[in-house]
Amino acid sequence: MLFQVFSGVMVPILAIVGAGYLLRRLTDFDLRPLSRVSLYLLSPALIFSSLVEARIAPGQTLRVVVFSVLLVGVMAGLTLAVGGALKFSRKTNTALMLCTMFNNTGNYGLPLALFAFGQRGFEGAILFFILQAIMAQTLGIYLASSGQSGWREGVATLFRTPQLYAVAAALALRAAGPEIVTRGEGIAADLYRGVSLMGDATIPLLLIILGAALARAEVDTSDTLAISVATVIRLFAAIPISYGLARLVGLDELSTKLAIVLGSMPTAVNVSLLALEFDLRPRLVSSVVIVSTALSLVTLTVLLGALGAGG
């Protein structure tokens, strides 16, 4: 069973991540243009087309929102408690909170959900991804700046990200009737097919970007305790926490499985960019990204097998 999960879910992901890793190691290309293409074109197209066609009940959507907010709060509280018990500095505690609160539901989580749970799972994962992105762009920036930038900068950054407008446009189209573009004919339907096609390119590019980002990251062996704490909380403690919160808010079976898996994803790559920008222990944060991502190949394979997914 575990071999089937690893082969059916992890191997396709590893193949594309590995290609991005090797390409950057061999050519040292600039990652910024690819990241901008993903941020400003492909990801918004994917979010828009996926939300337009998503089969998610409104009540379930609200439960996922509550779950996501609660998960971030519980992970923050647990990290603070452990960091306080171990007498970590305030700066280290804040860095570890970033590592445990914000996980890789985008580059890694979306393709994982697609391969493990199919199209329905992928549609559900889009919602988790959007919520994580919104919280990272607001609360994440506030934490990384140690409160110096305040909420205003985070909110301003959020309103500069095209994903937010893709969500708004998709919700407006769903309210008007998505069959106008999904089943109809004419220029609107033709434009939608173009946007949908652009969105289809997002998953492989996200994985290539993940591999390329890992190719230039290094593990800081001078702070193994802090790295271990963040990794254990992010990959292991998150599993029972996610399960308990999913049951608490009343998620359905598929959403519960998604919540458990996506809730225990490794630390988001973008967190290392925040740490670098605000000088918040960037080497420590990058190390957690690398270690948690590497170990997640094992933890997620076992978890998916236990959930009966991807087999």
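Sequential numbering from 1, following the chain as shown.
Each residue, glycine too, has its Cβ placed from N, Cα and C.
Residues or ranges marked as transmembrane segment by TrEMBL: 6-23, 35-52, 64-83, 95-118, 124-144, 201-219, 225-246, 258-278, 284-307.
Highest Cβ contact count with the transmembrane segment (284-307) among the listed stretches 6-23, 35-52, 95-118, 201-219, 258-278 falls to 258-278 (criterion: pairs under 8 Å).
The stretch in closest packing with the transmembrane segment (124-144), judged by the count of Cβ pairs under 8 Å and taken from 35-52, 64-83, 225-246, 258-278, is 258-278. Across 35-52, 225-246, 258-278, the stretch most heavily in contact with the transmembrane segment (64-83), judged by Cβ pairs under 8 Å, is 225-246. Using a Cβ-Cβ cut-off under 8 Å and counting only residues 6 or more beyond its ends in the same chain, the transmembrane segment (35-52) has close neighbours at 106, 110, 122-123, 126, 129-130, 161-163, 165-167, 169-171, 173-174, 178, 181-182, 192, 195-196, 198-203, 205-206, 209.
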